[in-house]
C-alpha cells in the first residue's frame, strides 16, 4: 500500500515537472500585422503600374481592372 502511494506521488511530481518545462518554453512571436496604409499601397502598386503603362491598358485584363477602379472611385465619391 505504501509502495503504491509513493509511486503515485513520484508520478505526480514527474508530471508536474514535465508540465512546468512545457509551460516555460516561450511562445513563437507572431509577425506584426502590416498597417492598413501599407496594405493598401501593396494592393494598389500593380494597378498604378498598369495605369502608368499605356501598352498595359490594351490588354483584356486591364479593361476589367480599369472598370473596377472606376467603379470603386465612383463609390467612394472621387469621380
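Glycine is no exception: its Cβ is also placed from the backbone N, Cα and C atoms.
Annotation source Swiss-Prot lists signal peptide at 1-24. Positions annotated as repeat 'AXPX 1' by Swiss-Prot: 24-27. According to Swiss-Prot, the repeat 'AXPX 2' annotation covers 30-33. The repeat 'AXPX 3' feature in Swiss-Prot is assigned to 44-47. Feature annotation from Swiss-Prot assigns repeat 'AXPX 4' to 52-55. Residues or ranges marked as repeat 'AXPX 5' in Swiss-Prot: 58-61. The leucine amide annotation in Swiss-Prot covers 76.
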Averaging the pLDDT values of the repeat 'AXPX 3' (44-47) gives 76
Simplified DSSP label at the residue listed as 'leucine amide' comes out helix
